[in-house]
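Asker: In case it's useful when we look at the structure, here is the feature table from TrEMBL:
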type	residues	note
SIGNAL	1-23	signal peptide
BINDING	Glu91, Arg143, Thr187, Gly203, Ala204, Thr270, Lys362, Asn425, Trp426	pyrroloquinoline quinone binding site
DISULFID	Cys137-Cys138	disulfide bond
BINDING	Glu205, Asn290, Asp335	Ca(2+) binding site
ACT_SITE	Asp335	active site, proton acceptor
DOMAIN	632-711	domain 'Cytochrome c'
BINDING	Cys645, Cys648, His649, Met688	heme c binding site
Amino acid sequence: MIKKLGLVAAAAALMVMTGSCQNKDGPTDVPGFAAIDGEYLKTGGDGSNWAMTGFSYNEQRHSPLTQINADNVKDLGIAWFADLPDARGQEATPVVVDGKMFVSTAWSKVLAFDAKTGKPLWSFDPEVDKARGVKACCDVVNRGVAFWKGSVFVGTIDGRLISLDASTGKQLWSAQTLDPKSNGTITGVPRVVKDKVVIGFGGAEFGARGYVTAYDADTGKQVWRFYTTPNPKGEPDGAASDEILKTSAIKTWSAKPKKGDWRESGGGGTVWDAIVYDAELDQLYLGVGNGNPWNHGVRSNGEGDNLFLSSIVALKPDTGEYVWHYQETPAESWDYTATQPIILATEKRDGKDVKVLYHAPKNGFFFTIDRVSGKMLSADPFIDGITWAKGYDLKTGRPIENPEARYEKTGKLYLANPSPLGAHNWHPMSYNPATGLVYIPALYIGGAYMPPAAPNEQERKPLGFNTGGAMATADLPDDVNFVKAVKAAITGKLVAFDPRTGKAKWTVDHPASWNGGTMTTAGNLVFQGTAMGEFRAYAADSGKQLLNLNVQSGVLSGASTYMVDGEQYVAFLTSKGGAFPLVIGYAGATSSAIPNIPRLIVLKLGGKVALPALPETPPYVWDPPAKFGTAADIAAGQSNFQRYCLVCHGPGAVGNGVLPDLRKSAAIADAGTWKSVVIDGVLKGNGMVSFAAVLTPKEADQVRAYVVTRAHYGKEHDAALVGGGKPAR
Ligand code: CA
């Protein structure tokens, strides 16, 4: 008996030491915390865990689980849900290891749950300075955590990379990856490769010089850094990128200094999302962002390709040393980032197995790239009606551009598809090896580019977007029919793209834009949430819709799936937020009446939990203050609104359901209150910092005069403009 007890104790001790957990009720042996290492992430395991954001190093977001499949997916219902702390965009893919779920939320917070019951285990708040929110181009989102040998890693809006103990949520170390005075923000997922945590950041619009940094996973000590644009002073950085920037990249930037050019801005090239490890070739791929300013004429005097903007760059993960690159959009001038998710696969081409990389960036073309050589093998449109290029020359790897797209050269307004929001943004895409299809959450959002019309639009400013173009083009004219037409044209599509044919095998039209990411399984399924508050499943091979669950709020994120005690679950987040609602605003989105509910929802077969009823919202009663100011005041206010306010508070000051609708704000009625917010910064704790650095008190009050006119216009026309007269929430 004593001997037996001893054995039990030894087994228990072993369990604690290895973190291994034998699953007595289920068919799977769930690997524990300590088992999640480079070997495990090569495959992602048997599907019991969803141990990293893209499932495994290949980032196919494909699970081998089949318990939920095309035959029974209609029986999915809610197993449990948890409301999240902030009504801002929720973009994370839930990570699940050994029955525990780790989710990052707005303001870089991390929450841990029992993945079967939803019981909260711990939470971590990095206490980000909320004033930083004004530097977050695309909302204070976070796209997820990394898990490695019992640690959880998260990047923060204020530029820290933090290691947490996965069992307790206690901070193990924190590394400051960004100068606190810089414009950068971290929203992307850290990746862990060979005991190094790699992280980039975003913020090119504000002025930044992109880089990624690798830190020791145990200590947080920096191992290497790679810059994506040349040093503005022409000096070495003492970084892994020094050699390639000196021998190659610098020649692709204008040598002639120009006011507001890349030397002042840093050039952009931030790596804010895709960082993907190729375990077969031991290479790390970076998806590099757009230039700053956007306007290539201002940024680089209209000269050169500007490496490594809008490129996929391959590095050696041990040292950060350059291996190869492919630039998707040379001389980028449209915010066409290459930061979008990257998928690694092996494809049969001409009877041979070819190691390929799949990429569907903002510019609308689907790229297949040879991972060994970096050669682009094919580039085919994954949306219709691309205006900036006819296609690609496969010999040179360069786009065949439409000259009209170079607004910086023509000096004319250029109506574009895709827009700066892209034909595909950060939303995860997935790949199913059984169908050979890539499931892309594609966007149809037209846009307009215009060179700066007034000095106010060209000059670099310490706050707000610096695009070197006219942001006025983001405003919609006050024509109800025009606005309705624009709304109807802003849509989404789920594209099941076949890289072997360069065409979609099947597509699903979505009435609204900014739908969720996709996830696919061996159960012949593709999952996608929509902006219209639905969570859907389709047959992966045919596209037949098999599930359409009402989840009340929009879905931006990608789902994950996992198994606990023999039962398969599907998890995802709901919310509105992110770049689209902020930039497009209430009037521009078909989904504008869908509520913004930040929530984690977990489904299982036969799940019976009901979501709480939506609160009743009484119709808004318009009571705008009297108009004031001269026509010149209002015009000046409009210009400054477009430059500094529009990207957060919406075109035409029409609220977006995420940040306050200024037309309905009490502050517009009182000059003193308005000044205290806009000039004195009393709401900086909410992310609304002082704009005194760029606006005089008089200019701020002109903005108020403009917003008051917008409130009067809203009183007259909102019902028709927003459709159904439903108030923004
Ligand atoms: Ca950008």
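Glycine residues also receive a Cβ, built from the backbone N, Cα and C atoms like all the rest.
Quick one: where do these features end up spatially?
Answerer: Thr187 (pyrroloquinoline quinone binding site) counts 30 other C-beta atoms within 10 Å of its own C-beta, drawing on all protein chains shown.
For Cys138 (disulfide bond), other Cβ atoms within 10 Å of its Cβ number 23.
Look at Asp335 (Ca(2+) binding site): DSSP puts it in coil.
The Cβ neighbour count for Asp335 (Ca(2+) binding site), using a 10 Å radius and every protein chain shown, is 27.
Here the domain 'Cytochrome c' (632-711) has, by DSSP, the following mix of helix, strand and coil residues: 54 helix, 0 strand, 26 coil.
Listed in sequence order, the residues of the same chain lying 6 or more apart from Met688 (heme c binding site) and placing their CB within less than 8 Å of its CB are Gly133, Val134, Val677, Gly681.
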Asker: Near the Cβ of Cys648 (heme c binding site), how many other Cβ atoms are there if near means within 10 Å?
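Answerer: Excluding its own Cβ, the number within 10 Å is 21.
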Asker: Cys137, Ala204, Cys645: which of these recorded positions has the highest Cβ count within 10 Å of its own Cβ?
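Answerer: Result for the most crowded candidate: Ala204.
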Asker: Below 8 Å Cβ to Cβ and six or more residues apart, same chain only. Which residues does that give for Asn290 (Ca(2+) binding site)?
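Answerer: Asn290 (Ca(2+) binding site) has long-range Cβ partners Ala204, Gly268, Gly269, Leu309, Ser310, Glu332, Trp334, Asp335, Tyr336, Thr337.
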Asker: Which ones are near Thr187 (pyrroloquinoline quinone binding site): of the recorded positions Cys138, Cys645, Cys648, which have a Cα within 10 Å?
Answerer: Cys138
Asker: Among Glu91, Ala204, Lys362, His649, Met688, the binding-site residues in the record, which have a C-beta under 6 A from ligand 1?
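Answerer: Among Glu91, Ala204, Lys362, His649, Met688, near ligand 1: Ala204.
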Asker: Can you give me the Cα-Cα distance between Glu205 (Ca(2+) binding site) and Trp426 (pyrroloquinoline quinone binding site) in Å, rounded to a whole number?
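Answerer: Just about 16 Å between their Cα atoms.
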Asker: Please give the heme c site's span as the largest CA-CA distance among Cys645, Cys648, His649, Met688, to the nearest whole angstrom.
Answerer: 11
Asker: Taking the Cβ of each of the binding-site residues and counting other Cβ atoms inside 10 Å, which one has the highest number: Lys362, His649?
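Answerer: The residue with the densest Cβ neighbourhood is Lys362.
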